[in-house]
């Protein structure tokens, strides 16, 4: 028995929600360890769709403990809204099935405003990142700048005013420079006071809770958000998110040691998608790209933005395997490729007349890198709903084997539809 870390191996939207839900049935605790409510996923359980952005997937399953770790930035308004939305669907979230790190950073209205102001200014200058405008980046900036308001501060009203003063000294200076009106101390205090009673009952010392449960033999599932290629260090900077999304962050973002992580499962889409700005070497602007987008329903859960689509990039996923220490992958959306005459896989790039096996970190070089493809025969048969290798066409199996060889990691699970049971299990990560 081992713990399992789930990470996206591409630019997010790999289908982590379904896989995490599938694994959460085997877990006792599900932990979010980074990001905020800027990346969502949809779970389909007994025909009912649940859209989650901040809450861990385990919250919709009875008998599971959902945990939001210290590495997450929490918008209390979004948290409360998500809890209320689930309640309307018959899912009750209480302190018995949700615990939140006392040292997690809060996203406030001023963070959301600053995010939007910057994106608008960047749009005018042609330098926008394509954020979700939800305040994630500014909140992480305050965390690193040691001026953030944290969950525990809601319980200490005596020291809160001084912390708000420190926060506003920074933010009002920024706002003056941007030509925006200053924010009053009272406005922030009122905002915090309005959410304290709803948030504080969930507060806990998470590192202690997880260490205690680990020692008792609990199975812990760490649920990553976004994807490796959006990591603040290892992604396509500056078109990245504001946190580390790689597996190592599961330790830092929860308070557990790296030795507690166990099996690293990389969720990997059978083709490639990206939302927003940034390099995308295998992007397809043709009929095939449109086919993938329509067949794969490639629209963001949180923003509704249309995703850019392209061929599978084995060179990028190979980097993700290395950066995360991926043990095995869950290959998703294989069924979307049904019916294509041929399939291409990127195995490297050409840059300045030379062939290279990885995407450079330089933004200028990324723009110049051209994909090198191999071509495989497609298949006409349907793979939708397949639950065993015997149900897959020979060419589909060949495609899967080629992916394994090129990325240097085996397929542990294979997903053939959005339904959780339409999954071919090769290796149970909890039993590896």
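Cβ from N, Cα, C; glycine included.
Note that the structure is predicted; figures quoted are calculated from it, not measured.
According to Swiss-Prot, the protein carries these features:
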type: BINDING; residues: 12-18, 40-42, 307, 333-335, 415-417; note: GTP binding site
type: BINDING; residues: 13, 14, 15, 16, 38, 39, 40, 41, 132, 146, 226, 241, 305; note: IMP binding site
type: BINDING; residues: 13, 40; note: Mg(2+) binding site
type: ACT_SITE; residues: 13; note: active site, proton acceptor
type: ACT_SITE; residues: 41; note: active site, proton donor
type: BINDING; residues: 301, 302, 303, 304, 305, 306, 307; note: substrate binding site
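Mapped onto this structure are the features recorded in Swiss-Prot.
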residue : record                    : Cβ neighbours (10 Å)
13      : IMP binding site          : 27
15      : GTP binding site          : 21
38      : IMP binding site          : 29
40      : IMP binding site          : 18
41      : active site, proton donor : 23
304     : substrate binding site    : 7
306     : substrate binding site    : 12
307     : substrate binding site    : 19
334     : GTP binding site          : 24
416     : GTP binding site          : 25
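Here residue 132 (IMP binding site) is positioned 28 angstrom away from residue 334 (GTP binding site), judged by their C-alpha atoms. Proximity to residue 41 (active site, proton donor), defined by a C-alpha to C-alpha distance within 10 angstroms, is shown by the following binding-site residues from 13, 15, 18, 132, 305, 416: 13, 15, 18. Sparsest Cβ environment among the binding-site residues 132, 226 (other Cβ atoms counted within 10 Å): 132. If you compare Cα positions, residue 307 (substrate binding site) sits closest to 12 out of the binding-site residues 12, 15, 38, 42, 132.
Taking the Cα of residue 15 (GTP binding site) as the reference point, the closest of the binding-site residues 38, 132, 226, 304, 306 is 226. Note on residue 305 (IMP binding site): other Cβ atoms within 10 Å of its Cβ, all shown chains, come to 13. Long-range C-beta contacts of residue 12 (GTP binding site), restricted to its own chain and to partners at least six residues apart, with a cutoff below 8 Å, comprise 39, 225, 226, 227, 230, 275.
For residue 42 (GTP binding site), the nearest of the binding-site residues 132, 304, 306 in terms of C-alpha separation is 304. Counted over all residue pairs in 13, 14, 15, 16, 38, 39, 40, 41, 132, 146, 226, 241, 305, the record's binders of IMP, the longest Cα to Cα distance measures 34 angstrom. Residue 18 (GTP binding site) has a Cβ environment of 26 other Cβ atoms inside 10 Å. Mapped onto three states, the DSSP output places residue 334 (GTP binding site) in helix. For the recorded site, residue 18 (GTP binding site), the DSSP three-state label reads helix.
Cβ-based neighbour count (10 Å, all protein chains) for residue 42 (GTP binding site) stands at 15.
You'll find the Cα of residue 416 (GTP binding site) roughly 23 Å from the Cα of residue 304 (substrate binding site).
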